[in-house]
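A short worksheet on the structure shown next.
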Amino acid sequence: MLSRSRCVSRAFSRSLSAFQKGNCPLGRRSLPGVSLCQGPGYPDSRKMVINNSSVFSVRFFQTTAVCKNDVITVQTPAFAESVTEGDVRWEKAVGDAVAEDEVVCEIETDKTSVQVPSPANGIIEALLVPDGGKVEGGTPLFTLRKTGAAPAKAKPAEAPATAYKAAPEAPAAPPPPVAPVPTQMPPVPSPSQPPSSKPVSAIKPTAAPPLAEAGAAKGLRSEHREKMNRMRQRIAQRLKEAQNTCAMLTTFNEVDMSNIQEMRARHKDAFLKKHNLKLGFMSAFVKASAFALQEQPVVNAVIDDATKEVVYRDYIDISVAVATPRGLVVPVIRNVETMNYADIERTINELGEKARKNELAIEDMDGGTFTISNGGVFGSLFGTPIINPPQSAILGMHGIFDRPVAVGGKVEVRPMMYVALTYDHRLIDGREAVTFLRKIKAAVEDPRVLLLDL
């Protein structure tokens, strides 16, 4: 009796294990006949068959891994030290299914926008911050229920196949009967009576339709309001602070672009073939600015108003202004003094592409010791840029236009560009500013100055 009980238990465990290993749907299954064989160590045990009449029925439940149904809370990512808070703009709503790394919301800070992706596949259960609400680093944003599988993409509905039966061909219509040939001339029609006319005195003038009001013809005059985004608010605040803090002064000069245009036209194909980059004018001005900043380090310095000290930087990080739909951003090219033209062009292209795609990180815009703004790409002729604090100067580039200039006692038409240097007159004197701008002019007009370190 003991051996039979053990064999039954062993066989039942094996059957149950086999059922559990199979990925069976929810249901009820009955064990078929279970054969119990004589096992070793039990010589007295006999073979026994348990029929289906014996109730060995097991109900199976399909289970899911615990991690698939976990509810997690996603928090605001940490910001840079110079950023304390941001505004939330939701891309998804409650109940939306999201895939891993799919953007759920965007946090707009003073300098850039930070995208918050979903950490896993799941369904959004709750939004913990309203749209447009302010959040700090580590603030809970939303809760997500993991599903373990990416949401299936909706397939386009297929048009139902309709069986069309060929319509039976209609019998051919009989030919029309032949019209009889006329044997007599048709009668000549008599002229009709002219229509009766009214006398002029009987005609009464009709009133002209009233003229439409002048206001209705021009349309309604309306206006609407939009909330300033955080980046625009920060730009306005910083520029006003710069005006209130710095004693800004602007000096001008003009640059003959003939040599740099000739150099670009001669070497642009070889430059593109070797570096896979287009050779532009921006790299020439960035390189010339680094050369001039090394000659005039005070332009690369800044006043620390808290300690009343002048901070001289031994490195050159140049901010390049880039216009985006959200506003003006200034990504930084670091250690420009160690770069060549190809390195500068590559960095400008990478930062510009990230700015247009709104993928700039805060670290890409932190720092900067000098700024270059190129209004010439929009056709600017002249302008005075505003200092980007905490810097002490900014260079403004403008459009290239053919103008008559005196060259060797003769009038020639040359491609000319106006350049402007706005600087903090509290730190930089006029002599240093003019010398700095002339260094840039010399390096751009004749790039050999950079090679010879003149």
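Cβ coordinates are placed from backbone N, Cα and C, and glycine is handled just like the others.
The feature phosphoserine is assigned by Swiss-Prot to SER82. Taken from Swiss-Prot, the feature N6-lipoyllysine applies to LYS111. Residues annotated as region 'Disordered' in Swiss-Prot: 148-227. What Swiss-Prot records for 149-170, 198-217 is compositional bias 'Low complexity'. Sequence annotations record features per position, and here Swiss-Prot assigns N6-acetyllysine to LYS155, LYS268, LYS273, LYS274, LYS278, LYS308. Sequence annotations record features per position, and here Swiss-Prot assigns compositional bias 'Pro residues' to 171-197. The active site feature in Swiss-Prot is assigned to HIS425, ASP429.
Features as recorded by Swiss-Prot, highlighted on the structure.
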residue: LYS268; record: N6-acetyllysine; CB count, 10 Å: 14
residue: LYS273; record: N6-acetyllysine; CB count, 10 Å: 8
residue: LYS274; record: N6-acetyllysine; CB count, 10 Å: 10
residue: LYS278; record: N6-acetyllysine; CB count, 10 Å: 12
residue: LYS308; record: N6-acetyllysine; CB count, 10 Å: 7
residue: HIS425; record: active site; CB count, 10 Å: 14
residue: ASP429; record: active site; CB count, 10 Å: 12
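Comparing the Cα of LYS278 (N6-acetyllysine) with the Cα of every entry in LYS268, LYS308, ASP429, these being the recorded positions, the smallest distance points to LYS268. Mapped onto three states, the DSSP output places HIS425 (active site) in coil. LYS273 (N6-acetyllysine) sits 44 Å from ASP429 (active site), taking the CA atoms of both as reference points. A distance of 15 Å separates the Cα atom of HIS425 (active site) from that of LYS308 (N6-acetyllysine). A coil conformation is recorded for LYS308 (N6-acetyllysine) in the three-state DSSP classification, outside any helix or strand. Distance noted between the C-alpha atoms of LYS268 (N6-acetyllysine) and LYS274 (N6-acetyllysine) is 10 Å.
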